[in-house]
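Asks: Copied straight from TrEMBL:
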type	residues	note
BINDING	Asn168, Asp229	Mg(2+) binding site
TRANSMEM	12-37	transmembrane segment
TRANSMEM	58-80	transmembrane segment
TRANSMEM	86-105	transmembrane segment
TRANSMEM	117-135	transmembrane segment
TRANSMEM	147-168	transmembrane segment
TRANSMEM	175-193	transmembrane segment
TRANSMEM	199-219	transmembrane segment
TRANSMEM	231-250	transmembrane segment
TRANSMEM	262-282	transmembrane segment
TRANSMEM	313-332	transmembrane segment
TRANSMEM	338-357	transmembrane segment
Amino acid sequence: MEYVINLFSHPYILGSFALVTAFWLSVMMYPAIIHLVRSKNIMDEPGSRSSHLEKIPTLGGVGLFIAFSISIMIIGGISGLIKPEFGNLLVLLAAITILFFLGVKDDLIGLSPKKKLIGQIIAAILVVLLSDIRIHSFGGLFGIEELPYITSILLSTIVFIFIVNAFNLIDGIDGLAGSIAIIASATFAIFFFMNEQYFLLLISLILIGATIGFLRFNLSKINKLFMGDSGSLFIGFLLAYQAMGFLAHQQTGASNFEVSNAPILALAILFFPILDTLRVFIIRILQKRSPFSADRNHIHHRLLELGFSHKRATLLVVIGNVLIISIAFLINSLDINIQLFILVLAAQLIGLFPYFMTLKKGRIEINIPYGRLAD
């Protein structure tokens, strides 16, 4: 047993085994899940906001949750990582379990926004207070440095809730939410590896493996299934957890590999869901509607309207997010407020690219309705 523990103390072996195990568990479970969901007719019905014309099995988050939970407990136990991080692991599992069951209930019978919000608040407070995963400083952004403790707690809780819902809102076309989760987790994993933060690295790699397994079916024409709220809520939470963990270690001096623009990098990594949610909220408010009202103003809806397929729309969004992350790396020596301005400007320019593509092919008219320029 000691030999096994020593073997898994090597980061490359630990990381590879974590990713492969989560992927294998995910792939092995989905055929049974799809069969069960179809037999019980637990399907997503096409509607006015749906981008599909036929009924599709939902509850894809069940496989993701089981693959993630089993993988992190087994691999964490074998590697010995559970011992020093046992408390944090229990808190994290408790938080994502709350969100998972909220999502399952919403997928099955529906759940009021109020009840979902209460569950998200409880999950966020658990990790913020008990694991001290929170924003300690703005790093000079807007001239703000260290945050008072109470402000840090409140802001971190709000950010957790915002990211969870932002990720939930982008789960609208095939492959999009899963691809963004993989890109974000892979980027965070690089920093966690360089800083020897192996517990957080394990979270990133296991989530990547499980999500790749899910995409194998989400992108399938024959055995397609949707992630559903059962997956998007807890995965959004895990992305927020990685972002907060990255910021916490960078801002408390616990990092071996420090970056001067940690808040900007964290923002860039999760730029698409954050931008899309803020953009939609602003459009709805300008139209004198509730920011929480449903519509088809999300960026992925606009890309579909421009004639792009689900896969091409997802690819465009992923490329755009990768470009934003790359730009954040390239401009890290500039003033942090200038960096934010450049990122927002770059996002607007990147967002215009799909329109230039369609204009060149003669798909749309030159006059673009208000609200589409931000896409």
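Here the Cβ of each residue, glycine as well, is placed from N, Cα and C on the backbone.
Where the annotation comes from TrEMBL, it is an automatic prediction and has not been curated.
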Asks: Among all protein chains shown, how many Cβ atoms are found within 10 Å of the Cβ of Asp229 (Mg(2+) binding site), not counting that one?
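Replies: Counting Cβ neighbours of Asp229 (Mg(2+) binding site) within 10 Å gives 26.
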Asks: Among all protein chains shown, how many Cβ atoms are found within 10 Å of the Cβ of Asn168 (Mg(2+) binding site), not counting that one?
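Replies: Neighbour count, Cβ to Cβ under the 10 Å cut-off: 26.
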Asks: So are the transmembrane segment (58-80) and the transmembrane segment (231-250) touching or not, going by 3+ C-beta pairs under 8 A with a sequence gap of 6 or more?
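Replies: Counting Cβ pairs under 8 Å (6 or more apart in sequence), the transmembrane segment (58-80) reaches the transmembrane segment (231-250), since there are 3 or more.
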Asks: Is it true that the transmembrane segment (86-105) and the transmembrane segment (231-250) have 3 or more CB pairs under 8 Å, sequence gap of 6 or more?
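Replies: The answer is yes, given that the two segments have at least 3 Cβ pairs within the 8 Å cut-off.
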Asks: Per the definition of 3+ C-beta pairs under 8 A with sequence separation of 6 or more, do the transmembrane segment (199-219) and the transmembrane segment (12-37) touch?
Replies: yes
Asks: With a cut-off of 8 Å between Cβ atoms, can you find at least three pairs linking the transmembrane segment (313-332) to the transmembrane segment (175-193)? Only pairs 6 or more residues apart in sequence count.
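Replies: These two segments touch.
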